[in-house]
Amino acid sequence: MPKSWKVAVIGSGDMGKQHVKGWQAAGHEVVSITDIDASRASALAQECGVPTVYQDYKEAIAEPNVEIVSICLPLAFHAPVTIFAAEAGKHIFSEKPLARNPEESAAMEAAVRKAGVRFGLGFQRNLSQGVHKAKELVQAGTLGRPVFFECDSVAEIRPKRIMHDANGNMGPLMDLGCHYFIMWQTVFQSTPKSVYARGKVLAKERPELAHIQELAIDSAVVTVEYESGDVGVFTVTWGMPPKFRMKAREDRLFGPKGGITGGFNNNPSKLNLYIEDGVEELPLVTYKSLHKEQFDRFVQALERQGEPAAAFREGNDILLLTLAIFQSIETGEVIDFKAFCKETSR
Ligand SMILES: NC(=O)c1ccc[n+]([C@@H]2O[C@H](COP(=O)([O-])OP(=O)(O)OC[C@H]3O[C@@H](n4cnc5c(N)ncnc54)[C@H](O)[C@@H]3O)[C@@H](O)[C@H]2O)c1
């Protein structure tokens, strides 16, 4: 009989709901839900049959029956809650991004190591079969090398205003870009070499954001060249007016011999492969829940002493790339990624 782990979910917003359902689908027991908004936590607890609700994460984590703490809070809380949970001897699964800066991530990693607990990071979109099919085809040379991977996202200003706060979730380059940056790294099997980005705050005049002291970059074009010679391009805006109807373009990956289009990291049921003058549909397994999938893998890592699908290494790689992108936007320069990492980790 597989072990059913006891999980405390912290945060009952969009991701909190996905985590509660994902843990339950994976056969584990969500013993409590915590949110400063008690009515939100209670509504989710009632919907999902979870017995206990807290407003204070410290109380929830201190409960002796809790084995795993599942963090679904805004970015600024990832570090303090991870550190508190590690010091309480609990395993931790946190939503992405890892942290706001290398100081926070180093403190998290040190606490986890000292406590001898395990840590997993929520990059569930990178488990999509579309990412792994793209990796397989690129690594087999089906498209030729180098390849360009163009990703695109267009959205109205985010209803969760904290997403626009430079001191909150830090805008789309931090909050959303991480899904694309880890996908590039996976598909190219390489590390960034140089980074160039231009970014603006297109929504700076919007009255809905007037209460935010420092607005994050909401729109950017990012170009990252990898050591492999492959190039990732990310065009993003969260600066459009409410109910804006223009949509993002489909993601595209192409090299000298062919190309692929599709929603690579969005749990797609197919990709389109273009070789010479032909086009072929590549059917893929669609997971019922990528969250269940990521929790299955985290528990396997706990039970067999293996590695989770993503943890500090992946989180730090993506954090450093994001910070290099911010530096390029600020300075207008091309950033030498190796030199940037050396400087930043000093
Ligand atoms: N993996 C993904 O695809 C994905 C998608 C969306 C969001 N996320 C990440 O998940 C995290 C949460 O995002 P979300 O969309 O669920 O946000 P959300 O705003 O929907 O939910 C966050 C919840 O945390 C609660 N909260 C805030 N501070 C708290 C505290 N100190 N103690 C207890 N509760 C507190 C809020 O009341 C809110 O209910 C972010 O890091 C975000 O980047 C990941």
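Each Cβ is built from the backbone N, Cα and C atoms, and glycine gets one as well.
Where the annotation comes from TrEMBL, it is an automatic prediction and has not been curated.
What TrEMBL annotates here:
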{"type": "DOMAIN", "residues": "6-123", "note": "domain 'Gfo/Idh/MocA-like oxidoreductase N-terminal'"}
{"type": "DOMAIN", "residues": "132-259", "note": "domain 'GFO/IDH/MocA-like oxidoreductase'"}
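Under DSSP, the residues of the domain 'Gfo/Idh/MocA-like oxidoreductase N-terminal' (6-123) split into helix, strand and coil as follows: 56 helix, 27 strand, 35 coil. Across the range of the domain 'GFO/IDH/MocA-like oxidoreductase' (132-259), the DSSP-based residue counts are 32 helix, 45 strand, 51 coil.
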